[in-house]
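Taken verbatim from TrEMBL:
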- 15-32: transmembrane segment (TRANSMEM)
- 58-79: transmembrane segment (TRANSMEM)
- 127-147: transmembrane segment (TRANSMEM)
- 153-173: transmembrane segment (TRANSMEM)
- 185-203: transmembrane segment (TRANSMEM)
- 209-228: transmembrane segment (TRANSMEM)
- 240-261: transmembrane segment (TRANSMEM)
- 296-359: domain 'MIR' (DOMAIN)
- 370-427: domain 'MIR' (DOMAIN)
- 434-491: domain 'MIR' (DOMAIN)
- 575-597: transmembrane segment (TRANSMEM)
- 611-634: transmembrane segment (TRANSMEM)
- 640-659: transmembrane segment (TRANSMEM)
- 671-692: transmembrane segment (TRANSMEM)
Amino acid sequence: MLGFLKHPVVVTADINLNVVALTALGLLSRLWQLSYPRAVVFDEVYYGQYISFYMKRIFFLDGSGPPFGHMLLALGGYLGGFDGNFLWNRIGAEYSSNVPVWSLRLLPALTGALSVPMAYQILSELGFSHCAAMGAALLMLIENALITQSRLMLLESVLIFFNLLAVLSYLKFSNSQKQRPFSPSWWFWLTLTGVACSCAVGVKYVGVFTYLLVLAVAGVHAWHLIGDRSLSNVSVLCHLLARAAALLVVPAAMYLLFFYVHLSLVYRSGPHDQIMSSAFQASLEGGLARITQGQPLEVAYGSQVTLKNVFGKPVPCWLHSHQSTYPMIYENGRGSSHQQQVTCYPFKDVNNWWIVKDPGRHQLVVSNPPRPVRHGDVVQLVHGMTTRFLNTHDVAAPLSPHSQEVSCYVDYNISMPSQNLWRLDIVNRDSDAGVWKTILSEVRLVHVNTSAVLKLSGAHLPDWGFRQLEVVGEKLSRGYHESTVWNVEEHRYGKSQEQKEREVELHLPTQMDVHRNLSFLARFLELQWRMLTAKSDGSEHKYSSSPLDWVTLDTSIAYWLHPRTSAQIHLLGNVVIWASASLATVVYTLLFFWYLLRRRRKICDLPEDSWLRWVLAGALCAGGWAVNYVPFFLMEKTLFLYHYLPALTFQILLLPVVLQHISDHLCRTQLLRSLFSALLVAWYSCACHVFNTLRPLTYGDKSLSPSELKALRWKDSWDILIRKY
């Protein structure tokens, strides 16, 4: 029974020394002096703020992408013992002793280092030679911009890693499909493909481009699978279900998981709360939750409320009024009603309080028992501090002449009667008898006389309106829009009928103790919507550039300057690699269409297996470059050179593919192959020379004289090669 103990247990493993060596070189190039410079470098000033928020559990919103990448950076800070106490307010600021710089930069450096052997494995899985695979990895190793970006607390190297991991995993799955479908390794690589795709999207939204590319390739392969008559219908169905589960369900579940962990970590109120809805803010610890804790849930006649506009743009604001009136004559010569101004005010103020009044009664207090206000009820809104009624009429608004002026009615004893009846329209009601609820209900106020809807126009009033936001009556309703929707944020039951006592009451906090929380799904959907609709800063930056500048290398970014010496770090690409990769893309495109036209004429220049390998390599490499580059032409946001790095990575993978194809299929004699090999050696020597020349600006560890800096300008890069060779 125990006879197996008589023999030693032996485990054998195949170790690819090329992968080991490339991994070691990648780690050396990315981890060497990683904590230098010990100062805030370029966008570290932004990502560092988010890490501090995580450390202090403070909610934040970043419109550039989902939270997975930020959480990975924060993990480095957590493992390094970072407490979040650092003021991220200036590029170049020296890090204090409590900031674990090495730990914070470790994860981007590791992902950048592992991208080197991953490039080798991708070309190997595509069926190209070890020489071509090694060439791709070595190009990744010495590309200056990739090194610079991966040695800092930034996310591009993390995004590139998951892009490559998704492609590599799918290729390994595809190759397993040919040998052992439904084996453990088959399931592993298929599932890992979905996980890597979701991680890429979770780091930055632009990761969805690589995800869509993988889905497209998988879709084509699945289409061919359906046509395989050697497979039974049940087998084909199992294949399709497995792919749908791994490439659709798993990424969706992972994406939700990222936000679940994120919202579990950042549960405290912070500076980004204001952009969120009142219900979301009330679900956070502190802030609005502290202010609104214990408020009555149902709004009743006599309730004292503040009304926040749901749209929240250009800034979150509350319905507001004050003693000042509209000017008799505007600057453009139009007249006004000279009634009391009604605006939207972006700060909490006692003048934001309104009393919900029953038009059929005079009392301004809540009866016992309270009479809740329901959908469709007609109400009057009385301004708490001035006791004037919210009113609109057929007078043009000050800045929106096609809309009605909204005011608090002042009786001047002229032929302008008050029109202060409003019908309550609960947009998110469960039924037509729905009750108006604090924070949870989104309502529209429709003017009974004119059918105008109370709306935030978003325009800033002139100085006579104290630069507050204009509120109008939108007479022609264009359907649902958040600018016409309001919700009750603060709420109390009014108890004082006398004005003096009521003014004191409006200044008092609520006393009841009722707690409400949004569900995770509700918070996820709102946060997702706010992130997708967040307005990016479209202003010009000193180092911003256009997508055309990236291909021609007509741009760079000064990341860091030493305050005392001339040492500095610049985001600079290796001009030989960038130019060669662009040329390889053009050559591949021309050759592909040439072969395609000849195959249409029944002329097959390539064997079928070589043609399929050539097409798949182009779909993943040239396609990867295109989907990660072309969409930037359509984006209305400030762009920088580092946005091109994911696309560049796929171009670098394509370069050895084209070079091997030329050597194997176009150089038909041994002499041509020898000459081509010699040219490749000289070309790679040039790339290494440029890498070494730009190395001081990549690592920033050497002081440079003005003449040396001038020689390293982009437009002088070719002069470097000319002088050398």
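Cβ atoms are placed via backbone N, Cα and C, with glycine included.
All annotation found in TrEMBL is predicted automatically rather than curated by experts.
With Cβ pairs under 8 Å as the measure, the transmembrane segment (127-147) is packed most heavily against 640-659, out of 15-32, 58-79, 240-261, 640-659, 671-692.
Across the domain 'MIR' (434-491), the DSSP tally of helix, strand and coil residues reads 6 helix, 27 strand, 25 coil.
Outside the transmembrane segment (58-79), and at least 6 residues removed from its termini, the chain residues within Cβ reach (under 8 Å) are 47, 49-51, 100, 103-108, 153, 155, 158-159, 199, 201-207, 255, 258-259, 261-262, 265-273, 275-276, 284, 527, 530-532, 534-536. Same-chain neighbours of the transmembrane segment (209-228): 163, 166-167, 170, 174, 177, 193, 197-198, 200-201, 236, 239-240, 243, 247, 251, 616, 619-620, 623-624, 627-628, 631, 646, counting only residues six or more beyond its ends whose CB sits under 8 Å from a CB of the stretch. If you look at the transmembrane segment (575-597) against the transmembrane segment (640-659), you find at least three C-beta pairs under 8 angstroms, all six or more positions apart, and that counts as contact. A contact between the transmembrane segment (240-261) and the transmembrane segment (185-203) is present, since 3 or more of their C-beta pairs, 6 or more residues apart, lie under 8 Å. Remark: the transmembrane segment (611-634) makes no contact with the transmembrane segment (185-203), by the rule of 3 or more CB pairs under 8 A.
When pLDDT is averaged over the domain 'MIR' (370-427), the result is 90. Proximity of the transmembrane segment (185-203) to the transmembrane segment (153-173) is established through 3 or more Cβ-Cβ distances under 8 Å for residue pairs spaced 6 or more apart. Non-local neighbours of the transmembrane segment (640-659) in the same chain are 115, 119, 122-123, 126, 128, 132-133, 135-136, 139-140, 143, 145-146, 149, 154, 156, 159-160, 163-164, 206, 210, 541, 543-545, 547, 549-551, 555-557, 571, 573, 577-578, 580-582, 584-585, 587-588, 591, 614, 617-618, 620-626, 628-629, 632, 680; each lies 6+ residues outside the stretch with a CB under 8 Å from one of its CB atoms. Here the transmembrane segment (153-173) has Cβ contacts under 8 Å with residues 41-44, 47-48, 51, 65, 69, 72-73, 104-105, 107-109, 111-112, 114-115, 118-119, 121-122, 125-126, 146, 185-186, 189-190, 192-193, 196-197, 199-200, 203-204, 206-207, 210-211, 214, 217-218, 620, 624, 628, 642, 645-646, 649-650 of the same chain, all six or more residues outside its ends.
Shown for the domain 'MIR' (370-427): DSSP residue counts in helix, strand and coil, namely 0 helix, 26 strand, 32 coil. Helix, strand and coil content of the domain 'MIR' (296-359), in residues and according to DSSP, is 3 helix, 30 strand, 31 coil.
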